[in-house]
């Protein structure tokens, strides 16, 4: 039996909504009895996930795999570039770190190995799911004319697989007609027939007022507009950290304010999604140089460059503000790189984050020492937490870090399992990404904050955040089915 024709979601630009439209398409196809196989040949992101085998992949492909009813598999994202700063990225092939690349030499040195990794990922998925339909996501714009000859993940892949493409444009940015018409005009003659439909994303207003524009696009491009998706940004956060400052406004019923430090090399900010989803919690992102204020708690999230981000906090004065906040009894939670910064000392003997033999004083909110080195810890974990309450609380998540941390003084462990986290007073840190997805643990931590404000406690019998994520994916798919006609994409001639 021949597998169904692959589909591909292209965008007129970065941030057009490709990732969520791909997730929506996966969930809709799953509802229709197909087995969608999400795939993005190359992604650039520090928002990562670790699959069951310990392979590293972009979080957006993990989200798409859940939409497809599958466990995340690093074969779905065979090339991941993790920016380090200074035009340098860590290169992940097939879930494993294979080196560092500089922007100016990336395609000379990494193009052929990248294309090989992409084909190997495709082959692995097809072997595992021979009757599944590939649902591909492009990257950025497919018509960057100076880069087309070095394209790894847009139209090169679409041509290789003879995929039917859906071109998405974000009307919220303005200029949607120029976005779509310009992109189509810049396609090469062999590429344009691959585009079977157009999609307008993030529309706000009365649809009937835009209908003449829809007709104009179809008539003047010869490509049908398959749908107009409404504004749905309240469902999921944007994928890229550059969009964080454009996040939602204040919640009407928020009772707790939690400040999150927006580190220059911020990573895995999806760890904060469960807090963002709490109706009573207002997140406030604070950049170095901005005032910390008097929040109810502070979260230090993950970092791709822990020493560099720590230096930025110290140089801006935000580190001193955080130390004063903690000395006054303020609650602080550090995750992964944030945990490392909370410690007393950070050592880098092999120069993984800078000059060999470098060391730095931490925030000294926990008596910990972190030594960078050795192989990267990449594994899913199940553990039992004994804080913020003494009762046992099962939790799960994943580790994704280099280096090891030890306590320099007797210190309360956050978990029964050694080395996953430590606590002293109101300051806690953990290596466990996904910690806040554990509903019962999250509510225990929030109730600790609420008691300090004499607020009534929240129910703690909360399921894992994945249950809420499933509801959001269904709402996304509902909107997609209601507003998009897939017939030209999925119907065989």
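Just so you know, the numbers here start at 1 and follow the chain as drawn.
Any Cβ shown, glycine's included, is placed from N, Cα and C.
According to Swiss-Prot:
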DOMAIN    255-441  domain 'GATase cobBQ-type'
ACT_SITE  336  active site, nucleophile
ACT_SITE  433  active site
Whole-number Å value for how far the residue listed as 'active site, nucleophile' lies from residue 433 (active site) (Cα to Cα):
7
Give me the long-range Cβ neighbours of residue 336 (active site, nucleophile): same chain, 6+ apart, Cβ under 8 Å, in sequence order.
267, 268, 301, 302, 303, 400, 401, 430, 431, 433
DSSP-derived class (H/G/I helix, E/B strand, else coil) of residue 336 (active site, nucleophile):
coil
Relative to the Cβ position of residue 433 (active site), how many further Cβ atoms are located within 10 Å?
26
